[in-house]
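First up is the structure itself, then whatever we jot down about it.
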Amino acid sequence: MDTKTKVSVVYIAIITLSSVYIPQPILPLLALEFGTTAQNASAITSITLLPMAFAPLFYGYFLENHQPKLILSLSLFVAGIFQILLAWCESLETFLLLRFIQSLFFPAILTTLLTILTRSQSGSLQFNVSIYIASTIAGGLIGRMGGAYLTELFSWQICFILLGVSLTLGGIFSLSWIANQASKLTQFTFSQILPLLGNKTSLVVLGSVFVMFFSFQAVLNTLPFYAKEMFPHISQNELGRLYLGYSIGIVVSLLANPIIKLCGGREKTIFLSLNLFALGLCVFLLHSLMWIYVGMFVMCFGSFIAHSVLNALNNSLNPKYKAASSGLYLSFYYTGGTLGSYLSSFVFELFGWQMLIISLAITLSLTSFVFYHHMTHIKKES
């Protein structure tokens with residue numbers, strides 16, 4: 001993979017994830033802007049992640065038989081146009097409709113990027129996947145923190161317009177800098193997904209991914225409402241800075257291989273990282289802004305290790321159909337995120353922050369034990 005392709009992939013991943021997550025820290029502001037409740041405002045995140053839950057399967061099929069570069073460019077241009085249109089919305093209903101249509105193109109962009117990286121013959125699979133994950137983490141961080149900062153400085157509409165222009169530039173970069181890829185994979189049909197879904201190991205891996213991102217989005221989507229409730233005078237910029245711990249994921253994902261060696265293998269790494277995630281959640285139970293910062297760093301450290309290693313493990317389980325495998329992974333990943341971002345608002349409203357955090361921490365720990373027990377059992381049998 002040449003330098004221009006790498007730069008393009010990194011830039012596009014960053015700007016796409018910035019667009020996906022920019023509404024999250026400004027959800028209380030958008031709720032006020034559209035005169036709606038926290039639960040309804042949370043639907044902005046859910047409606048964004050919903051297409052990303054089912055569309056990757058279709059795009060995984062499509063990418064096996066079509067040129068990724070053209071799909072990527074078209075998706076970026078359309079997403080950029082809709083990002084700009086969102087800035088002129090005057091009602092939540094219109095905003096949600098346009099956001100949903102735009103979000104149909106996000107999974108096309110992400111699945112294409114991951115396919116380009118996993119098809120590349122340069123470097124290890126784990127390292128290429130780590131590049132992708134580090135870039136998406138950077139995008140999530142820039143979208144949340146940068147968006148909150150620019151919203152306080154200018155307005156949320158200005159943020160959306162700037163992102164729309166940036167997405168359009170990504171389309172130009174993909175046309176100019178990313179080379180055409182000859183398909184090196186065997187013809188894919190949807191029926192070939194069935195063996196993966198019937199494989200216990202695949203289901204355990206995908207189930208772990210689901211729980212991990214369900215918990216992650218549940219916390220990140222509810223956090224700004226909790227912070228506003230606990231600290232009424234907190235500024236928009238300060239809300240954005242609560243996501244600073246997200247930055248640790250950039251380093252962690254690139255160090256996945258050394259961390260795996262240090263922990264003694266993929267299985268132990270995933271087990272430990274999910275429990276570290278749960279520990280980070282417990283820190284959120286301490287009612288202090290300082291502890292929110294600490295908890296965010298610990299939570300992100302654990303979740304991004306798990307994400308990076310689970311992603312590579314999933315690809316290694318189905319090497320013959322990498323685009324389909326990537327699509328299936330993203331489908332489970334974003335299904336968890338969609339449900340987590342929306343259902344968490346109900347739990348938060350009905351039972352409060354503490355009950356939400358405790359239930360998520362217990363679920364993560366139970367998932368880690370199920371995963372580790374299954375993987376060690378499989379190894380003994382083989």
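Cβ from N, Cα, C; glycine included.
Now, the feature entries from TrEMBL:
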DOMAIN    1-377  domain 'Major facilitator superfamily (MFS) profile'
TRANSMEM  7-23  transmembrane segment
TRANSMEM  43-63  transmembrane segment
TRANSMEM  70-88  transmembrane segment
TRANSMEM  94-117  transmembrane segment
TRANSMEM  129-147  transmembrane segment
TRANSMEM  153-180  transmembrane segment
TRANSMEM  201-220  transmembrane segment
TRANSMEM  240-257  transmembrane segment
TRANSMEM  269-286  transmembrane segment
TRANSMEM  292-314  transmembrane segment
TRANSMEM  326-344  transmembrane segment
TRANSMEM  350-372  transmembrane segment
By Cβ distance under 8 Å, which residues at least 6 away from the ends of the transmembrane segment (201-220) in the same chain are close to it? 24, 45, 49, 243, 270, 274, 277, 281, 284, 299, 303, 306-307, 310-311, 313-314, 317-318, 328-329, 332-341, 343-344, 347, 356-357, 360, 363-364, 367-368, 370-371, 374-375, 378
Between the transmembrane segment (350-372) and the transmembrane segment (94-117), do 3 or more CB pairs sit under 8 angstroms, pairs being 6 or more residues apart? no
Are there residues at least 6 beyond the ends of the transmembrane segment (129-147) whose Cβ is under 8 Å from a Cβ of it, and what are they? 6, 9-10, 13-26, 110, 113-114, 117-118, 156, 159, 163, 240-241, 243-244, 246-247, 249-250, 253-254, 256-257, 304, 307-308, 311-312, 315
Counting Cβ pairs under 8 Å that are 6 or more apart in sequence, does the total for the transmembrane segment (240-257) and the transmembrane segment (70-88) reach three or more? no
Any residues 6+ beyond the ends of the transmembrane segment (70-88) with a Cβ under 8 Å from its own? 12, 16, 19, 59, 62-63, 95, 98-99, 101-102, 105-106, 108-109, 112-113, 116, 156-158, 160-161, 163-168, 170-171, 174-175, 178
Grab the same-chain neighbours of the transmembrane segment (292-314) for me: Cβ-Cβ under 8 Å, and only residues 6 or more beyond its ends, written as numbers and ranges. 125-126, 129-130, 133, 137, 202, 205-206, 208-209, 212-213, 215-216, 219, 223, 227, 242-249, 252-253, 256, 259-260, 266, 269-270, 272-284, 286, 325, 328-329
Over the domain 'Major facilitator superfamily (MFS) profile' (1-377), what is the model's mean pLDDT? 87
